[in-house]
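Copied over from TrEMBL, here are the features:
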| type | residues | note |
| --- | --- | --- |
| BINDING | Asp10, Asp12, Glu168, Asp169 | Mg(2+) binding site |
| BINDING | 10-12, Trp26, 45-50, Ser53, Lys75, 113-117, Lys144 | substrate binding site |
| ACT_SITE | Asp10 | active site, proton donor/acceptor |
| ACT_SITE | Asp12 | active site, proton donor/acceptor |
Amino acid sequence: MPQISAFIFDLDGVITDTAEYHYRAWKRLADEEGLPFSREDNEALRGVSRRESLLRLLKGKVLPEAQMEEYMARKNAYYRAFLTQITAADLLEGVADFLAQARAHGLKLGIGSASKNARDVLNGLGITDQFDAIGDGYSVSRTKPAPDLFVWVAGRLGVPPAECVVFEDAEAGIAAARECGMYSVGIGDPARVGAADLILPNLAGAQVDHILSRLANLAH
Ligand code: BG6
Ligand code: MG
């Protein structure tokens, strides 16, 4: 039976649904600059860093670095205005219970988020102290699908990657977990997270026992 010692959670789209706020912030910038940007375009930005998101929004249009910086700062200011409203009520259904179950199993808990705003989101949700390690957009330079962030979090947890399970809603996040030999649980649309070891629609009603025994039965 393989040993599983830690759960590492992506934040946006797994613990809370900030995708809508990212969308509204990018949309406001896009409208101000006359750039086309739809909700569908936004779906493709899940898990994608701020700079890479802007590059995708520009669809090949090349801008001077200073202007790129100004666009990213403006989008982030719009996004951060939404963050001031985040409270514990913004935890996705089932998350609080799932974290409590994982703790009761003696698992270590980590966050592996591409966001430079992750700590503010966690503070707003009131769950910062539930995690033994928090990796965010400042922790490593190579972003998902590179495995660096999850490896960094595992190191902070003092757990080998092969004993970690990553919970992710983004294709790039599942790829990152697989790349470093971690188990992966995809949250949401199978079109995005189909490469995961297990797929769940969300964490509502999820049972830690059940997940551990299903992962234990995989050839890993
Ligand atoms: C990810 C989000 O968690 O963080 C992306 O899914 C976002 O949409 C990325 O672009 C970076 O976030 P931030 O807060 O540093 O701009
Ligand atoms: Mg995500």
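Positions of Cβ are set from backbone N, Cα and C atoms, glycine also.
Just so it is clear, the model here is predicted, and its values are computed rather than measured.
What TrEMBL annotates, mapped onto the structure for a quick look.
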residue: Asp10; record: Mg(2+) binding site; DSSP class: coil
residue: Trp26; record: substrate binding site; DSSP class: helix
residue: Gly47; record: substrate binding site; DSSP class: coil
residue: Ser113; record: substrate binding site; DSSP class: coil
residue: Glu168; record: Mg(2+) binding site; DSSP class: strand
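Taking the centroid of the Cβ atoms of Asp10, Asp12, Glu168, Asp169 as the Mg(2+) site, the other same-chain residues with Cβ within 8 Å of it are Phe9, Leu11, Gly13, Val14, Arg46, Gly47, Ser113, Phe167, Ala170, Gly173, Ile187.
In this structure, none of the binding-site residues from Trp26, Glu168, Asp169 has a C-beta falling under 6 Å of any atom of ligand 1.
Asp169 (Mg(2+) binding site) sits 20 Å from Trp26 (substrate binding site), taking the C-alpha atoms as the reference points. Asp12 (Mg(2+) binding site) has Gly47 nearby among the binding-site residues Trp26, Gly47, Lys116, counting only those with a Cα within 10 angstroms of its own Cα. When the alpha carbons of Lys116 (substrate binding site) and Glu168 (Mg(2+) binding site) are compared, the span between them is 17 angstrom. The 6 Å Cβ screen around ligand 2 retains nothing from the binding-site residues Trp26, Arg50, Ser113, Lys116.
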